[in-house]
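A quick write-up on the structure given underneath.
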Amino acid sequence: MGSFVGHALPGTFFILFGVWWTVRIFIRYFESLTRRGEPYSSSVTYPPRLKRFPNVNLEALMVTIGAGLGIFVEIVAACFMRGKPLGVTNEQHATMYFFFGLAGFVCLTIPFYRGALPALDGDLQFITLLLAFAAESLLFKFHLIGRDGIDILVHTLLLYACYACVLSTGLEMAYRTNMLASLARAFFTIVQGTWFWQTAFLLYSPFNGEAWGSKTGGHDHGGGGGKEGGMHGGGGGEHIDHQRYMTITLIFAWHVAVVFLLTLVTGALIGCRYRRQVDTHKVRLQTSFASPPCNGYAVMQNGAADDDDEL
């Protein structure tokens with residue numbers, strides 16, 4: 001992941017799946033508000049239904065394949081194919097992909113062993129996704145040790161997005177009848193993806209290969225250079241680093257704002273399609289966190305029946 005492509009690849013995955021979740025959550029929500037619609041209930045995945053393979057979760061399959069691709073890039077392509085020793089950084093990144101691949105694998109295979117663990121049937125998918133976001137957060141937390149300056153800041157902001165994904169996934173698991181909890185998970189996943197891309201441009205510019213504001217090339221790992229953390233140096237250097245820190249934080253805030261506005265636009269466009277079919281009484285019922293958590297197995301069953309797209 002210590003390259004432009006290494007940050008752009010997971011960023012692309014997070015953006016694609018986050019956008020997909022957003023669209024499908026809005027569709028499922030507005031369909032639940034129609035007069036004959038089933039009550040809204042969230043699920044980890046929102047796969048289209050395949051005619052020939054009704055038990056195959058296409059979305060989970062894509063997650064599993066994507067995670068496998070990430071592991072291949074980090075271990076095989078970055079190390080073995082180049083004759084380089086396997087570094088701990090690559091191992092960390094591959095571990096992150098593994099946990100998301102595990103979440104995809106569980107969602108992909110759960111129809112084949114449904115009933116074996118009845119108490120966990122509806123929860124296991126959420127648990128594995130929550131575990132994936134938690135593992136990612138843990139890895140990034142200690143990924144910052146030994147780094148300096150802009151590198152620490154951009155990864156700290158990325159860590160905040162990871163924490164938000166953990167929290168929103170936990171809320172979604174507890175309140176599966178509330179679409180806002182589902183939407184929060186999708187929202188912060190997109191933010192994480194866009195910030196991965198921004199990090200790639202800030203630390204590994206495809207134009208000159210240097211970190212933003214760097215004079216020596218590359219981004220400033222380690223604590224050399226006579227500054228402590230980039231912001232405790234003296235004179236003009238302190239002022240310049242302070243300006244960079246504020247600018248990067250501002251950019252992150254605008255990432256959040258733009259994703260939020262695009263989410264609202266997406267909901268408005270999808271809502272226009274269902275405008276004449278919506279029962280306003282159901283709107284009041286389904287936007288409250290007061291509803292107790294549903295039975296996990298029932299939620300999973302409803303979620304599978306709700307996605308009626310045919311490929």
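Each residue's number is its place along the chain shown, starting with 1.
Note: Cβ is positioned from N, Cα and C throughout, glycine not excepted.
Listed in TrEMBL for this protein:
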- 6-27: transmembrane segment (TRANSMEM)
- 60-83: transmembrane segment (TRANSMEM)
- 95-114: transmembrane segment (TRANSMEM)
- 126-146: transmembrane segment (TRANSMEM)
- 152-171: transmembrane segment (TRANSMEM)
- 183-204: transmembrane segment (TRANSMEM)
- 251-272: transmembrane segment (TRANSMEM)
Long-range environment of the transmembrane segment (126-146) - Cβ separation under 8 angstroms, sequence gap at least 6: 44, 92, 95-96, 99-100, 102-103, 106-107, 120, 152, 155-156, 158-159, 162-163, 165-166, 169-170, 172-173, 221-223
Best-contacting stretch, by C-beta pairs under 8 Å, relative to the transmembrane segment (6-27) and drawn from 95-114, 152-171, 251-272: 251-272
Close approaches to the transmembrane segment (152-171) from elsewhere in its chain (Cβ under 8 angstroms; 6 or more beyond its ends): 126, 129-130, 133-134, 136-137, 140-141, 143-144, 181, 184-185, 187-189, 191-192, 195-196, 198-199, 202-203, 229-230, 245, 248-249, 252
